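Undergrad: Before I ask anything, let me first share the structure, which is written out below as structure tokens.
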Amino acid sequence: MLDKLGQNLSDALNKIKNATFVDKKLVKEVIKDIQKALIQSDVNVKLVFNMSKEIERKAIEEAPPKGLSKKEHIVKIVYDELVKLLGETTQKLELDPSKKSVILLIGIQGSGKTTSAAKLARYIQKKGLRPGLIAADVYRPAAYQQLKQLSEKINVPLFGDETRTKTPVDITKEGMEKLKKVDVIIIDTAGRHKEEESLLAEMKEMKDLTNPNEIILVIDGTLGQQAKNQAKAFKESVSEIGSILVTKLDGSAKGGGALSAVAEINAPIKFIGTGEGVDNLEQFDPKKFISRILGLGDLDSLLEKTEDIMDESTEESIDSILKGKFTLIELYAQLETISKMGPMKQILSMIPGMGGNLPKEAAQLTEDKLKRYKIMMDSMTLEEKENPELIKTSRLQRIAKGAGVKQDEIKDLLKYYSTTKNAFGNLKRGKMPKMGGQMGQIMRQLMYKD
């Protein structure tokens, strides 16, 4: 997410981290690099200038607090100021499990509202609540079908009018009646602009009808600074906007501009879309977000993701590993778990030291290797999976042919298995593998070509 911005900011801070001596000249040079990175991400020039002055003042005038070196203190100053730029505090979606809640999604056409409705339903579902969806957009021909496909994928009830003959208000009224058994109703409304008075009037009518607990404005992250005007316009026309959901941050060069622009008008950003899948919606936490951008990691989110995909088979696999059993069967289960966690680039950005320094091809190569490793193991017999040491020349040839790969790739898999087994062995003995040691070796083997 925001790869170029993260890389540029990390490069700037590395000048501080790698310097023998930090003086005023170096501080100014680093600040110039930070300015350039933020402006390229479409952050408002005035905001960047004000933030830069504050970083320079603190870096030059303030003495590092006890326990921090001068370098660490400057990195923390930059981190704190970037967090401030994005709104500082985390705004959570508050839902009362004892009462039915209603969420109204609004935004212009093309902002990713319909996909966000399904993502939000999935997010709520993972919190243990029962969501339901209402497809109230009758103006865009594919809106109902799109939401229907997504709702079926996540097993969430949907109410809508496939014929598009009913009004959004009538659909919403009927939907509220039909979805009595759910805990949270999410309404996907039609895309609109501030000039469309009839649509705005319709939206206000739906607001009065549903009395929503929260109105969420969905904004396209590729808009950059323009997001400010859009958020402002909707805030003026619908005064009760509860929060903002910013989409398409995974591939946007202007994502930083969009986030800072929305934060500037004090509209709380509660969610960000980080990919196309229904699970790619995150609660927005400025501190965690900046940590990942700067390559400092986000272990809390990584643990949350791990908990989300834990099932009985995963737990059995972990139990086997902790008892000292680690065969290719356990390795396969671990690769399955990693695959379920989401895009590899996103996962790696949560590991301290990996985010901003991640080579461009590394994440894709990692995903490709994981897939190939699984294909290779699918070509093995149960005996071979349980006893990898049996895989010698003749078996290597057969497995390689069955998987459609070279024998060297099977050897690469067995090497990865051996490294991982040793790392888990150390974990069992109470030793934590470090990124520079065996854990680093595991990641490097996945990320780089031999």
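Yeah, the Cβs are placed from backbone N, Cα and C, and that goes for glycine too.
Per Swiss-Prot, the feature GTP binding site maps to 107-114, 188-192, 247-250.
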Undergrad: Tally every other Cβ atom lying within 10 Å of the Cβ atom of G107 (GTP binding site).
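TA: Result for G107 (GTP binding site): 26 other Cβ atoms within 10 Å.
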Undergrad: Around the Cβ of G110 (GTP binding site), how many other Cβ atoms lie within 10 Å? Please give the count over every shown protein chain.
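TA: Taking every protein chain into account, the count is 11.
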Undergrad: Could you tally the C-beta atoms, other than its own, that fall within 10 angstroms of the C-beta of L249 (GTP binding site)?
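TA: A 10 Å sphere around the Cβ of L249 (GTP binding site) contains 24 other Cβ atoms.
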Undergrad: Can you give me the same-chain residues 6 or more apart in sequence from K113 (GTP binding site) with a CB-CB distance under 8 Å?
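TA: Counting only residues 6 or more apart in sequence, the Cβ neighbours of K113 (GTP binding site) under 8 Å are L105, I106, G107, D137, D188, T189, G191, V218.
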